[in-house]
């Protein structure tokens, strides 16, 4: 104790004789980060936190974009469990993957998206790299554009678009613009507005398109509308950047959900494409995705692949192994693939059924509003058309949680709570 005491005394004496030492000590005590402001909470995660604090036994969380079964529980696909068992039985190692990811997974992902008989695949004029789910695919794609797309820095997003699109492209150094997409008057697709805006986009700009199950609106163009949009994209020489996070999950048919991507390619439009297996395989936490660039020829594809690897190396070196093995096992095994496609259709059909039941229950409640847009929309999300003040009432009076824009995750609706939800919506809209 004496030594400690004498140390403090000597330290104090040194500071007294040398004021600079005291100033230095004070500077060390202060933080480097006093200028950092508190960031805003994530709007969707904020909904979940509020939901968790609610003690109402009838509470509903319709904010989170994750599939739930008809009991409201997280759902692990049986095909995923079988694939995991097969992988475990092989006693495989845990070595690093190559920078571009698991080769079998990349090949199978390209086939799933473009079709097994795609001319692009047969000619080898494409490159697919494994990414950290769809978000990682978008960031890799955005970084590639920033470095090599020399024609424009502008990326045109539909209004609205997935909330993460803006920070992903902005943080990669791209500039964000918008084009009309959703019509709040009809709760449907503003086709004439979208076509007019796209036709006015400067040539050689980047156009982001949701391949299916548009997030957050659930509003998709019809095939004939996609055809007209593709014609304008080709005429204006725009670069089509597709985000396909829900293949198979939208309609229950993977080929149907990939129709727009395949049509653009058939029209001679060389696209890039982001894929995610979070929703259609339920591999949320495994972070499994892919980024594909369709090129002029195989030689160009090799050059693009080399630069994608150079971009990926300082970002995360190489992607995760386990989820890619699961997805590749399912996609390359005929029996597992067949089972998986049936399970995906089952999930999609349940969501479609919940949309129908919600509208039916709203009619039973006596609602005089037209709710057809709920069944017209597709995929996990639905833009209800509810106003912010109505959303607030739903939360306060009925413990029904959703984002302020009125978007609900239909996956959170079950046969056990759809009647309660319809009653709550009717009460705040009548």
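Think of each number as a place in line: the chain as shown, counted from 1.
Here the Cβ of each residue, glycine as well, is placed from N, Cα and C on the backbone.
Some features that Swiss-Prot has for this protein:
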type	residues	note
TRANSIT	1-29	transit peptide
BINDING	65, 162, 215, 407	substrate binding site
MOD_RES	73	N6-succinyllysine
MOD_RES	82	N6-acetyllysine
MOD_RES	90	N6-succinyllysine
MOD_RES	96	3'-nitrotyrosine
MOD_RES	122	N6-succinyllysine
MOD_RES	122	N6-acetyllysine
MOD_RES	227	N6-succinyllysine
MOD_RES	296	N6-succinyllysine
MOD_RES	302	N6-acetyllysine
MOD_RES	309	N6-acetyllysine
MOD_RES	338	N6-acetyllysine
MOD_RES	363	N6-succinyllysine
Legend entry - Cβ within 8 Å of the mean position of the Cβ atoms of 65, 162, 215, 407: remaining residues of the chain near substrate: 163, 216, 380, 381, 409
Legend entry - Where the record names 65, 162, 215, 407 as binding substrate, the maximum Cα to Cα distance in Å: 12
Legend entry - Nearest of the binding-site residues (162, 215, 407) to residue 309 (N6-acetyllysine), judged by Cα-Cα distance: 162
Inset, instruction - Write down the Cα-Cα distance for residue 296 (N6-succinyllysine) and residue 122 (N6-succinyllysine), rounded and given in Å. - result: 13
Legend entry - Cβ atoms near residue 227 (N6-succinyllysine) (within 10 Å, other residues, all chains): 14
Inset, instruction - Write out the long-range same-chain contacts of residue 302 (N6-acetyllysine), meaning residues 6 or more apart in sequence whose Cβ is under 8 Å from its Cβ. - result: 127
Inset, instruction - Specify the count of other C-beta atoms within 10 Å of the C-beta of residue 338 (N6-acetyllysine). - result: 12
Inset, instruction - Return the residues near residue 296 (N6-succinyllysine), defined as same-chain residues 6+ apart in sequence whose C-beta is under 8 angstroms from its C-beta, sorted by sequence, else 'none'. - result: 125, 270
Legend entry - Number of Cβ atoms other than its own within 10 Å, given for residue 82 (N6-acetyllysine): 18
Legend entry - Nonlocal neighbours by CB distance (under 8 Å) for residue 363 (N6-succinyllysine), same chain, sequence gap 6 or more: 371
Legend entry - In three-state DSSP terms, the structure that residue 65 (substrate binding site) belongs to: coil
Legend entry - Those recorded positions listed as 73, 90, 122, 309, 407, and which of them has the most Cβ atoms within 10 Å of its own Cβ: 407
Inset, instruction - Within 10 Å of each Cβ, count the other Cβ atoms, then let me know which of the recorded positions 96, 162 comes out lowest. - result: 96
Legend entry - residue 82 (N6-acetyllysine) versus residue 162 (substrate binding site) - Cα distance in angstrom: 32
Legend entry - Residues satisfying Cβ distance under 8 Å from residue 65 (substrate binding site), sequence separation of at least 6: 44, 215, 279, 380, 381, 409, 411
